[in-house]
Amino acid sequence: MTPSSSLSLSFSSSLLPQHKPIKPKTHSLQPTKFTFIKCTSTATSSSSTVKKRHWKQGEYPGVSQASVPSRSLNNKKTPIKNIKKKIDKKNEAKAWANTVTEALSECIDKKQWVQALEVFEMLKEQAFYEPKEGTYMRLIVLVGKNRQPELARKLFDGMIEEGLEPTAELYTALLGAYCRNNDIDEAMLILEQMKTLPLCQPDVFTFSILIKACIDATRFDLVESLYEQMAEREISPNTVTQNTVLSGYGKAGKFDQMEKVLLGMLESTTCRPDVWTMNTIISVFGNMGDIEMMERWYEKFRNFGIEPETRTFNILIGAYGKKRMYDKMSTVMEYMRKLSFPWTTSTYNNVIEAFSDAGDAKNMEYTFDQMRSEGMKADTKTFCCLIRGFANAGIFHKVISTVQLAGKLEIPENTSFFNAVIFACAKADDLMEMERVFKRMKEKECKPDSMTYTLMMEAYRKEGMTDKAYDLELEQQILDGSNSKEDEETEGHNKHPRFVSLGISTAPICCVETEQECRTMQFLYFPLALPLH
């Protein structure tokens, strides 16, 4: 029996008796029901509700509405038509305010940071605009998550210029933007600045973000320094902080330090290990492919009295899938059904990824169809796995249809998404289309990472184009060394005056002009598959 055919998602025939399923001791977890409250707009509620004035006793006694003195200085009645115009104008202003603010909120929810900044600039030009801390907070977090620390800084400075006082939360959001961009030195400067402001003192969340950045950069010496600073300020690390350090030590192979932190959590009364600690540890060994250690730690945490959750099972499924242990993967999924744990998007993604890595397009596509039939919403990772899977199987026409489907479903296009398409282009030896995708990636303000450059350089070297591979290597070194994003934005880019202050590029999107330019993969309609939202 081949691995590709050993898993049927009904799981009635895939359970093998020789493998003992993982059994819990007790389970008190019940599915959580959420109640959504539908809110009406401000304009509707304000227009439908009329406030009545209740006069105090003895005030205007026995006076009718018509005899109430006018507020104007000349005691003349205001014409009714002028009142109607004023009310209509006010209602129109409220409607416009709701339209712009709702559009801004929608862009933020969809993580469309370029469009969000555009709408925000439109909002600032309106007469009814008032700067709000919450709006700036959401925007700073949004651009920070998209690794745009310079824009986060400009938003932060613009907020102060508009008269808003900075808070510890806003400083932490700004610090987080630099941490996401691996600019730890600048983040440290922000930390020192916070220490000088009485009302903006760093808290456990500030230090946790910095510690995570240092862990990701394997700068463990700074981690110890941050722990010392927390101790000086009598800030105790919480479980989230410790879980982050555990994950970092585990990924770096520092298992002695990892076990030391874990023992400290077991002895602590303030940051006891939880299910996230369990997930962190088993994911470390699962990602390493050490299934034996993963299962051993799973049993240890169960002995500590920690019960698994949906994410725990998803980690197990992902680890088994990467090792192509489809029998154990299906056993865990069937076990989730028995315990009434729902299969989530991550569950399906792990199964799709397992088949994708193996180039098993048939089972991968079947899993995706079942995912959609159950009403499960696909995300960016789903489509990344599908694109890579079809490319591994050599079915490039389905790569095209998958990219087009992602565009129709408005799937967010991040660096991983573009990397998947570049991987498919390289698999098909279509270097011309690969270059167009890379160019479009930059035009979409999506920053290439090391995987992007590695895929492209390998493709060039495979075709003997060492000069282009060398140029990309230099570009990567410049990008990693200087972080000079502003230099990239000014190279041949035309900028709209409205966005000059925010550094937003408005370069036109490149389209495929002739059919002859499309070679093996024939991405003639690729620009249509990746629309500008």
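Cβ coordinates are placed from backbone N, Cα and C, and glycine is handled just like the others.
Listed in TrEMBL for this protein:
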{"type": "REPEAT", "residues": "132-166", "note": "repeat 'PPR'"}
{"type": "REPEAT", "residues": "167-201", "note": "repeat 'PPR'"}
{"type": "REPEAT", "residues": "203-237", "note": "repeat 'PPR'"}
{"type": "REPEAT", "residues": "238-273", "note": "repeat 'PPR'"}
{"type": "REPEAT", "residues": "274-308", "note": "repeat 'PPR'"}
{"type": "REPEAT", "residues": "344-378", "note": "repeat 'PPR'"}
{"type": "REPEAT", "residues": "414-448", "note": "repeat 'PPR'"}
{"type": "REPEAT", "residues": "449-484", "note": "repeat 'PPR'"}
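Highest Cβ pair count under 8 Å relative to the repeat 'PPR' (132-166), across stretches 274-308, 414-448, 449-484: 414-448. Mapped onto DSSP classes, the repeat 'PPR' (274-308) shows 27 helix, 0 strand, 8 coil. Secondary structure of the repeat 'PPR' (132-166) per DSSP (helix as H, G, I; strand as E, B; remaining residues coil): 26 helix, 0 strand, 9 coil. Within the model, the repeat 'PPR' (167-201) shows a mean pLDDT value of 91, rounded to a whole number.
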